[in-house]
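One structure is given below, encoded as structure tokens.
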Amino acid sequence: MSDAARETVLSVRDLSIDFLAGRTRKSIVRTLSFDIAQRETLAIVGESGSGKSVTALSLLGLLGPRATVSGEIDFLGRNLLPYDFHHLTKLRGNEVSIIFQEPMSALNPVYKVGQQLTDVIRNHTQLSVDQAREHAMELLRKVRLPTPKTKFAQYPFELSGGQLQRVMIAMAIACRPRLLIADEPTTALDVTVQAQILDLLRELQSEMGMSILFITHDFGVVADIADRVLVMRNGEKVESGTAVDLFTDPKEDYTRELLSAVPSLDRRVGNRAVQTGTDTVLQFRSVGVTFAGRRGDGIRALDGIDLSIHRGEVVALVGESGSGKSTVGNVAAGLVRIDGGQVVLDGTVRQGNGADASRHSPGVSMVFQDANASLNPRMRIGATLRAALKWARRSKPELETSDEYIKRIMAEVGLGADLFNRFPHELSGGQKQRVGIARALSVKPSLVVADEPTSALDVSVQKTVLDLFGKLQREHGFACIFITHDLSLASNISSRVVVMYRGRIVEQGPTRRILTAPSDPYTRALLDSIPQPDPVLQRARRTQPA
Amino acid sequence: MELTTYSAKRLAIGLVMVVCVQVIIFLAVQVVPGDPVEAMMSETGNISPEIVAALREQFGLDQPLPVRLLEHMRELFMLDFGTSFQYSQPAAAIIGSRLLVSLELVVLSAFFGIAAGIFFGSWSVQTRIGNWLVSALGPIILSVPGYVAGSFFVLALSLWLGWLPAGGMAPISDPVEHLRRLVLPVLTLSLPIAATIAKVTRYSILEVRNQDWVRTSRAYGFSARRTFRRDILRNALTPVLTVSALELGGLIGATVLVERVFNLPGLGSLLVSAVSVRDYPLIQGAVFVISAFYIAINIAADIGYGFLDPRAARR
């Protein structure tokens, strides 16, 4: 594995990065040092604000004029600091390449995929247009882009996220770089796609012998791909070491904390008793939903969904993007029109194609994925909560709307009364999501639809928010549809799991059964794709593919 | 391929729009009380009812409305607008002679206005002077009405400095003099366009500049100049196109005043005089040409989108 005789490709010493914010300097990274050897993968892990992405961008001088970078960045014996932009232009995309988090926006939407790839090749080589095209086609085949010939002449918006990330990788390896910087390259992708992309990177690395600097917040991904790991917090190194050492024997408290916050598949399964209440809150009877397409052709978002949720139970709805899991939540809340079947909520029937096919259901409240976007930036927290209560009072006149009641609810989710008159931008991400939970709780719902409520949060914050949510659920006893793409998370919070794929339910059952003995091949594929935060286990899984 | 069907669709829609506009204009003109015979009568005084009836018959005003509408549409598509009441000449010929002057004015002003706007807009994000020019001078230009600016240019550039002729038109057979006479009106018309386009270009660039693909372009070793042209300006042009199309439409209206100030025999001044004497054939002919032009601009802009943004053609 790690070989001491290997050449050091990148050596960073005392890297410090300051940003000019208004008239003040803000220190983002302080005296960071690390090395990457040939063929080695170093993962920098950290939560948002740790400075990991800034570190990655600084290596290529991509931080813009407001950043001051000092220290030493030694790439193959050449010091890149202070930046010599003429030299950097020759280096970028040539000897050092980078791939980004959002493949959808990393490519220019107005040029064809093949052309963008060809442009990059021609930028660093003397190849003719035809030769460059040929090389581009070769690269697209190498990154295993399906139907590369067709895709070559298509625009980015015609490709999926995973396909675009393959194109980005093709771009990155076009000039056989010595170092590849991967800045959260799989964060925006589904787990099954993530697994494929990680496989591809590993394969290309062993074939081309490049080093990889991998930026991520996901310990599962770290365990899967990294040889060595560097943990960062608030712009400083917490600890570093080989992946195996770090996972088995973390030296620092912070690392231990982070590792224990990672939701893991098999740790807590079975902790939650399976609820067998017969009191049904919500029932779907062959519910169908079709969204109008651009040319009149509809997209079948839900296709004959049968589902029932009992009082006091947490059901995890799991699936990849486009599976229809969010649509189920929206139908439950009465936000989406159904065109087939019926929905029974608290004894009230909603018929497909009826006048009431979409109607707001007073008994349902929602917690949204993007807590920030779900709060009006111009309304104080107290006012936001009161607005929800006033609206709900139309159907539930017994609800209280007094400041005292609102403050009591806020206290319940761990928000101090001093936040009552604050604006959303004054709150942290975790606090905003607590407001979202308080809002959902305040109207005394019989069902809460939580749509990926923690996927925008850091793992440590995610854990506390999840714990809080679980506690409140047990205390208040509302039923809950917990929508998530993360099976590990589902295993921690739910008593039942429903797996969705392309608008259908492929499998449902008690959490423990789904996780230990899945009967559907798709569920199995989903389970196998989740990278486990354990490098040894991960390596074992890799050598014997399912 | 997609773009061809997209363009064909736009063209078809445009054609339908032209017909609709014509029907609306025809009805609007008819609904307003009074007709050209009455207008003539009020000028000449007492005329016997027989003569009035004969005149009405001669102009076809005695027919019922739907018949006149159909007849009118048939004639329009043969580009026969009828005989001008005022000049007793085919309206099409009169309009044709005036159209060239206006078209020249509009096309030149649009070209220079838009080109200068994109240039200054791009410059304004790159330098302090450019920024100052667009942010400070732009609003001043926009707040001065065209006829004031036009009069000022006449005063400064032709009366005081004597560099350029003050107005009037020279035949195209004398190209130098012809263009010399166009400089001031084109300047007057294109300045506000340049100011608007510069501002739109500036904001559009500032927005596109922060997009991820611009970072990608830099990260893959493209020079600053290439990144600007390939990944910033090119993408920033879409809103510029929208505003350009709107500005071009406004330009047709603006020529009326500028033709007055510079004493140019254009379509605008013709239309104004035709309306005042209810010269139906002339009004309808002129409006037909102007609306067709307006619609053509919009079609061109829509097709332009298809080129600028491939996603537009698929929607």
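All positions are counted from 1 along the displayed chain.
The backbone N, Cα and C atoms fix where each Cβ goes, and this holds for glycine too.
A TrEMBL annotation is a machine prediction, not a hand-curated record.
Computed from a predicted structure; not experimentally measured.
These come from TrEMBL:
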type	residues	note
TRANSMEM	B:12-32	transmembrane segment
DOMAIN	B:95-301	domain 'ABC transmembrane type-1'
TRANSMEM	B:105-125	transmembrane segment
TRANSMEM	B:137-162	transmembrane segment
TRANSMEM	B:182-201	transmembrane segment
TRANSMEM	B:236-262	transmembrane segment
TRANSMEM	B:282-308	transmembrane segment
By a Cβ-Cβ criterion of under 8 Å, what residues six or more beyond either terminus of the transmembrane segment (B:137-162) are in contact with it?
184-185, 187-189, 191-192, 194-196, 198-199, 254, 257-258, 260-262
Counting only CB pairs under 8 A, let me know which of B:12-32, B:105-125, B:236-262, B:282-308 has the most with the transmembrane segment (B:182-201).
B:105-125
Using a Cβ cut-off of under 8 Å, list the residues of the same chain at least 6 residues beyond the transmembrane segment (B:12-32) that approach it.
65, 68-69, 72-73, 76, 280, 283-284, 287-288, 291-292, 295-296, 298-299
Folded-back contacts onto the transmembrane segment (B:105-125), same chain, C-beta under 8 angstroms, at least six residues removed:
131, 133-135, 182, 185-186, 189-202, 204-206, 209, 228, 233, 237, 240, 244, 247-248, 251-252, 255, 258-259, 264, 266
